[in-house]
Amino acid sequence: FLALKIANVNWQSKLNKAAHHTSDYSSTEAILRRGQAFNITLNLQTTVQPGDNFTFIASTGPSPAESQQTKAIFNLSEEGASGWSATQEPSEPDCMNFTILSPANAVIGRYKLKLQIVSGNKVSSTLLGQFVLLFNPWCPNDDVYMANEKERQEYVLNDSGIIFQGLEKYIQQEAWNYGQFEEDILDISLAILDRSLNHRQDPAVDVSNRNNPIYVTRVISAMVNSNDEKGVVEGKWNGKYCSGTNPLQWSGSVTILRKWYRGRYKPVRYGQCWVFAGVMCTVLRSLGIPTRVITNFNSAHDRNINLSIDKYIDISGKTLHLTEDSVWNFHVWNESWFIRRDLGSFYDGWQVLDATPQERSKGIYQCGPASTRAIKEGDVNLDYDSSFVFAAVNADYVTWIHYSNKRKERIFSDTRKIGKFISTKAVGTNSRVDVTANYKYPEGSLKERQVYKKALKLLGVRSTGKRTKITRPRRRSAVARRQNMTQPAQKPSISGKLILDASPVIGQDILLTLALRNLISDFKTIKVKLSASAILYTRKPKAEILQLSRSIKLGSEEVKEISFKISYSQYKNSLMGDRKILVTALCETKQGASLLVEKDIVLQDPFLSIKVLGPTVVHKAVNVQVTFTNPLSEMVTDCVLRAEGSGLLKEQLRINVARMAPMESSTVQFEIIPYKSGTRQLQVDLVCIHFSDIKGFVMLDVAPA
């Protein structure tokens, strides 16, 4: 008897990867997508006997079993019960070609492939090798199927992007390096699944569930934050970041994921919402699930899910922390594309996932997938966490004055403030696309009001606008509030607006004007209390910058303007990290009518320019010149210029900038050697302890070698 001897196995890596849209992965391993055939060739040392029977065994996970769909046994030319099949193709005499097809609902992950040969009464078994199987948005039978090729290029294959930040009236573009194809990133993504609580509790069941994008995305949303199971990123929204990296200083996911992996799974410090969303986008794209990053401006964090965010201020206009609710200038989450077998086809499409640890869901800090259709229709009872996301885009914003004798007065209820300009990067370009209409019907429309009522009812919020368990001062029902925009109950007798004289750059004084208008024909004196605080993007005050009081006399229907400034010396120590200031003016008349005017200010980035000195071609060195200016009228020392970009720099580059004189411009030059063709994003970040980062990016078209 001659056992069939195999000299070597050719996994046809180049051909298979091209066919499976996995050529971008920086790994020599066979990386394949489910529901699609791949080819392997066996080079033989001996010849095949006529009666030889061939059986393939594909297995994944720690304890593969056919009953769990983690092991498939299939014979040549017959489709096995598992949905896997193999056929033999014509070949040269000393080799064999096989085409192997996995089912479109196969478990994803790393597989072993064995070949068993039965020759007469002898059985021999050979390990042919390993491969990684991913989700397949190109396959019509896969739950993550996406029909449009341009969308697949963007949401699966684009390894850089834009995350929108700032304010609803001042939306900023921040570049982010997803880098899902960079070395180790796919391995790290698979390791994330293996570190989850579900995997630790029951590895066999966990692996068998990995055929389902609903399951995989929910597990990843829990694992990207460090809260329950030592996940990837540790969040921090207050104090100093001495024991880690300031969240503003990250420019991409690759550095973070590698740091977690190389540091033996110790959570990386620190992240805020866009960091969690950027990392989750990388992991899900690397596994083959179409994913994008979404920014919601004026995002409600409604702790008790009663669809009302209460803001309390004292008589000087200072925010009081009497409630856990908050409104963030913006919040960033993800959407992934797949069908909802659990809910029905109406809810297929974009699903919201949020890895920022805000609230527990079934005992764990995870959020989603919540169907955007469910949110739009007010189906807040549907899995998973649709009520939390509904509140983030729909809650009412109610302002109260809290007097020292514990008396409260509601001065305004705003039904239109929350959930504005919901944004994502466009397909194929860096421009902003507004997706608010995917989340809600037009503000003030009949349909929007019906959806809001339906959600209140499903949440068990009584029409007094309070949750059954929560006692609150009585107020007009949420529905009545929706129908009557003139709040408070008595007509306001004054209106006001804070106007920024110029868009301020860090290092300069900030000039503001408060314009007050008397709306009725009597004479009145108004007490104005102005305060300015440095805030985080969550609008949580970090430090008080300024407080002043003025008294103003307004004649009949008169308009008056008060100018004031916040000097650089007043704000410089408070604005080390974020560049955000909240200015509030509380205006009170003798008659007791109160008006609160608020303005969020973001200080602009000083100038930074990036020039690429020559054509960019794969494997050819090219110089990059970066010019930037010290915005301050003082000497600045110990700055670091950092550069990164997938396909351009394998690791983050750091260059020390020793010192910069006041208002001085500086130029730094460095070399890049592109290693991937196509559109690439080069990011540059000047990090300095004297002011927050100055960031810039440039898109490069890299020609193939």
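Going from the start of the chain as shown, residues are counted 1 onward.
Placed from the backbone N, Cα and C atoms, the Cβ positions cover glycine too.
Unlike curated entries, TrEMBL annotations are predicted automatically.
For CYS273, HIS331, ASP354, the entry in TrEMBL reads active site. Summarising the annotation, TrEMBL assigns Ca(2+) binding site to ASN394, ASP396, GLU443, GLU448. What TrEMBL lists as domain 'Transglutaminase-like' is 265-357.
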At 10 angstroms around each C-beta, which of the binding-site residues ASP396, GLU448 has the fewest other C-beta atoms nearby? GLU448
Listed recorded positions CYS273, ASN394, ASP396, GLU443, filtered to Cα within 10 Å of HIS331 (active site): CYS273
ASP354 (active site): tally of other CB atoms within 10 A of its CB: 30
Rounded Cα distance, in Å, between GLU448 (Ca(2+) binding site) and ASP354 (active site) is 24
Can you check which residues sit near GLU443 (Ca(2+) binding site), meaning Cβ under 8 Å from its Cβ, same chain, 6 or more apart in sequence, and list them in order? THR415, ARG416
In sequence order, which same-chain residues at least six apart have a C-beta under 8 angstroms from CYS273 (active site)? TRP328, PHE330, HIS331, VAL332, TRP333, THR356
Structural state census, the domain 'Transglutaminase-like' (265-357) (DSSP three-state): 18 helix, 41 strand, 34 coil
Provide the number of Cβ atoms within 10 Å of the Cβ of ASN394 (Ca(2+) binding site), excluding the reference atom itself. 23
Rounded to a whole number, how many Å is the Cα of ASP396 (Ca(2+) binding site) away from the Cα of ASP354 (active site)? 21
Here the 10 Å Cβ neighbour count for HIS331 (active site) comes out at 26
